[in-house]
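What follows is one structure encoded as structure tokens, with my remarks underneath.
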Amino acid sequence: MRRDNQSSVSEFLLLGLPIQPEQQGMYYALFLGMYLTTVLGNLLIILLIRLDSRLHTPMYFFLSHLALTDISFSSVTAPKMLMNMLTQTQSISYAGCISQVYFFLSFGGLDSFLLTSMAYDRYVAICHPLHYTTMMSQNLCLQLVIVSWILSSTNSLVHTLLLARLSFLKENILHHFFCDLSTLLKLSSSDTSINELVIFIIGSMVITVPFICILVSYGHIGATILRRPSIKGIYKALSTCGSHLSVVSLYYGTIIGLYYLPSSNNAEDLDVIVSVLYVLVTPMLNPFIYSLRNQDMKGALRNILSRGTFSV
């Protein structure tokens, strides 16, 4: 989509993180380590699920897609941020900025839908264990992933097309380390009321509705456990749901802190800091959560390591 002919902005300047110049080297090493940990940790999850036949279940099918999404989500923003810190440049082209918005929203929305699918899987496993195999068939799992991709891609495409019709005549400085949609709308010299309305409506569909579905699923799980209270049942629920609940808390906790809590006087710096948690910290912690809290993943890792030891 072509921009308004009056628009003269061909690039944006990313001010980056609110850190002192003398601390750039330390933070660069820190964020590079976090990004590499995110990529390698989530690749390890995908590899373990691929190689261990005991992990070929619906839950781990969704987890492998979540791991791939987390790698992609961090890769949308982290490499550009690291390159800007290393080269001391701040510019990003208009086309690059619009593309970053599209993929950021796409993978962020996909995370939400995949977490909802995983919550439904846990609901069926605990509340309807006898019908789990038939209810969570391979076709249904594949359909849930495909629908998640379609919905998240459609959501990001709508926002991107509406963003591309706006003009940027006065300012091109973004107080952020990536092209954040809400920050771009503040810079626009055009009327953004339609954009804000669509953000409110579609945002409810992509974030709020899945979150409610997750809460409902775990409400049913809790009710099922309380109806048949036993130490074994509680332990099984914690072992199968604990990792997922931790990831859900991290994901939605950062979103609530970033987009739903009221702004303070230092709102811009605070938003940037919370965005680092959302973009880098949460995807990085997911592999640790699923490896440290999940017996199946730890068992698969031990099998792979022992297999490698014997082959050597």
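From the backbone N, Cα and C atoms, a Cβ is placed for every residue, glycine too.
As given in TrEMBL:
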- 26-48: transmembrane segment (TRANSMEM)
- 41-290: domain 'G-protein coupled receptors family 1 profile' (DOMAIN)
- 60-81: transmembrane segment (TRANSMEM)
- 101-120: transmembrane segment (TRANSMEM)
- 140-162: transmembrane segment (TRANSMEM)
- 197-221: transmembrane segment (TRANSMEM)
- 233-260: transmembrane segment (TRANSMEM)
- 272-292: transmembrane segment (TRANSMEM)
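Away from its own ends, the transmembrane segment (197-221) comes close to residues 109, 112-113, 115-116, 119-120, 122-123, 126-127, 151-152, 155, 158-159, 162, 181-182, 237, 241, 245, 248, 252, 255, 259 of its chain (Cβ-Cβ under 8 Å, at least six residues beyond either end). When each of the listed stretches 60-81, 101-120, 272-292 is scored by C-beta pairs under 8 angstroms to the transmembrane segment (26-48), 272-292 comes out highest.
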